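J.: If you look up Swiss-Prot, you'll see 6-235 marked as domain 'ABC transporter'. Residues or ranges marked as ATP binding site by Swiss-Prot on the basis of sequence analysis: Gly40, Ala41, Ser42, Gly43, Cys44, Gly45, Lys46, Ser47.
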Amino acid sequence: MAKLCAQQVSVVYASRRGALTALENVSMSVGSGEIVVALGASGCGKSTLLSLLAGFQPPTSGRVSVDGAPVAGPGADRGVVFQDDALMPWLNVIENVAFGLRMQGVGRDARHARARDVLRLVKLAGFEQHRIDEISGGMRQRVGLARALAADPSFLLMDEPLGALDALTREHMQTLLLDVWRATGKGVFLITHSVEEAVLLATELLILSPRPGRIVARHSLDFARRYAHGEPMRSIKSDPRFTEIHLALVEQLMRETEEV
């Protein structure tokens, strides 16, 4: 089973006021078939942690690895989905999805075949030739997800991918993410500000403290796996335990913020 690990990582930035610690002694891992969600107040280092896992920046101390091999930069084994979809408006949907494969030297027929496969997976079959300005915000995020999936990475790293969507579209996208996870078995690391979203999607939930970001709690949750095993979403969200965990986490996050 593939595993992406951060071991005792810290990130310290230099500033005019002196050293600023964004993350302090954080250890966590994401394995195949897991959804690890990071939750915490703004500025707690969630995006910094994702940046380390993606290989966009090195830690000041500690180690990031995939299957024991050090992460020295971005790699095809880690696909990234951003809140801002970062699509290229001069390319149509299929060319956006296939762009990474094109940069890897994959031939046109092969990359388009792969792009069509992942577009079907994210329920965008039939939109291959549409321009980016012809599709909705939710569809744009699905294109971004398809682009990350096109290279068949072992891990998906998602930085608030649903944060800019309206409430109804966000609920549809949560279900889609779980459908994709169930179909692919990939390891997922996801950042969100939504407690309800975190409870629904996480198989492991990490609570980060306000700066410096430390993991102050870990929770194992089973709602995503219940959905993957066929339980209806309505049944899951109406479970009193879902509401109980949601409220307890809100209280915990409020306490963490008040203690700063």
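Along the chain as shown, the residues are counted starting at 1.
Quick reminder: no glycine exception, Cβ is built from N, Cα and C everywhere.
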J.: Give the sequence-ordered set of same-chain residues, not counting Gly40, Ala41, Ser42, Gly43, Cys44, Gly45, Lys46, Ser47, with Cβ within 8 Å of the centre of the Cβ atoms defining the ATP site.
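T.: In sequence order, the nearby non-listed residues are Leu208, Pro210, Arg211, Gly213.
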J.: Quick one: give me the count of other CB atoms within 10 A of the CB of Gly43 (ATP binding site).
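T.: Around the Cβ of Gly43 (ATP binding site), 14 other Cβ atoms lie within 10 Å.
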J.: What three-state secondary structure does DSSP assign to Lys46 (ATP binding site)?
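T.: Going by the DSSP assignment, Lys46 (ATP binding site) falls within a helical segment, counted as helix.
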J.: Give me the non-local Cβ neighbours of Gly45 (ATP binding site): same chain, 6+ apart in sequence, Cβ-Cβ under 8 Å, ordered along the sequence.
T.: Val11, Ala22, Leu23, Val26, Leu208, Arg211, Pro212, Gly213
J.: In sequence order, which residues at least six apart in the same chain have a CB under 8 Å from the CB of Ser42 (ATP binding site)?
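T.: When sequence neighbours closer than 6 are ignored, Ser42 (ATP binding site) has His193 within Cβ distance under 8 Å.
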J.: Given the binding-site residues Ala41, Cys44, which one has the fewest other C-beta atoms within 10 angstroms of its C-beta?
T.: Ala41
J.: Once the chains shown are all counted, how many other Cβ atoms turn up within 10 Å of the Cβ of Ser47 (ATP binding site)?
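T.: I count 19 other Cβ atoms within 10 Å of it.
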